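As recorded in TrEMBL:
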- 24-181: domain 'Cytochrome c assembly protein' (DOMAIN)
- 27-47: transmembrane segment (TRANSMEM)
- 67-86: transmembrane segment (TRANSMEM)
- 98-118: transmembrane segment (TRANSMEM)
- 130-150: transmembrane segment (TRANSMEM)
- 157-177: transmembrane segment (TRANSMEM)
- 197-218: transmembrane segment (TRANSMEM)
Amino acid sequence: MITHINIYLELLRPYSFMLYSRRCTSLIISICLFLTVMAIYLATWVVPSDFQQGENYRIIYVHVPAAWMSLLIYIGMAISSVLFLVTRHPIFHLFSKISAKIGALFTFFTLVTGSFWGKPMWGTFWVWDARNTSVLILLFIYLGALRFLFFSADVASLFVCIGLINIPIMKFSVNWWNTLHQPSSISQFGTSIHVSMLIPIFLMFTSFLLLTLIFLLIETRQFILSFYSYSIKNRLSHCESD
């Protein structure tokens, strides 16, 4: 157990992180591009139209994976916030800050795609539906956490942990209240979606997941490089002054 902990801590060291992330980033980008192309091809030309919604339903192949990502990233950000409060390691604070940016983008994308899907189905781009409202609240929580993260890491971490209350509300709102939003078609008990539709959904979700990992690696590498560049400039300025 101690050996595994030491390995994880070693990977968090700047030199080790820069070394291993540089090696795997190109591979992850290639896999992400391949999965995205496959998902778009299957969703556009292979999967048939829906007999009720016609071609409008195809937005599900980006809307649903984006909604999953908005939830998953927030849970990951909450875990990172807890780890920061426990360990005080700055890398967890950095992960939370990057995750807040990416999570806010996915949540905003979920709202936009849901609005375009809702227009032909409900006759309007927006209704104060329980699911829609809870997703909008999640966006505000992301933006609030991002704001706090630039001022106080401790307050931001606590804010993120408190914001977890909205996650089960967002997830189960369609089951708890009578809403316009349709219930989840995919759950732990099975799915009502045909396998031909499931494949591009999961391919797009995997590509979104890899895209998030790519942004996380790039942002972290940029931060480390900026930090070392700033340290070197300070040392040089001190040497010149001496």
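Here the Cβ of each residue, glycine as well, is placed from N, Cα and C on the backbone.
Unlike curated entries, TrEMBL annotations are predicted automatically.
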Same-chain residues at least 6 beyond the ends of the transmembrane segment (98-118) whose Cβ lies under 8 Å from its Cβ atoms: 56-57, 59-60, 62-63, 66-67, 69-70, 73-74, 76-77, 80, 124-127, 132, 135-136, 138-139, 142-143, 145-146, 149, 208, 212, 215-216, 219-220
Chain residues outside the transmembrane segment (130-150) and at least six past its termini with a C-beta under 8 angstroms from it: 67, 70, 74, 77, 93, 96-97, 100-101, 103-104, 107-108, 110-111, 114, 156, 159-160, 163, 166-167, 169-170, 173-174, 176-177, 179, 181
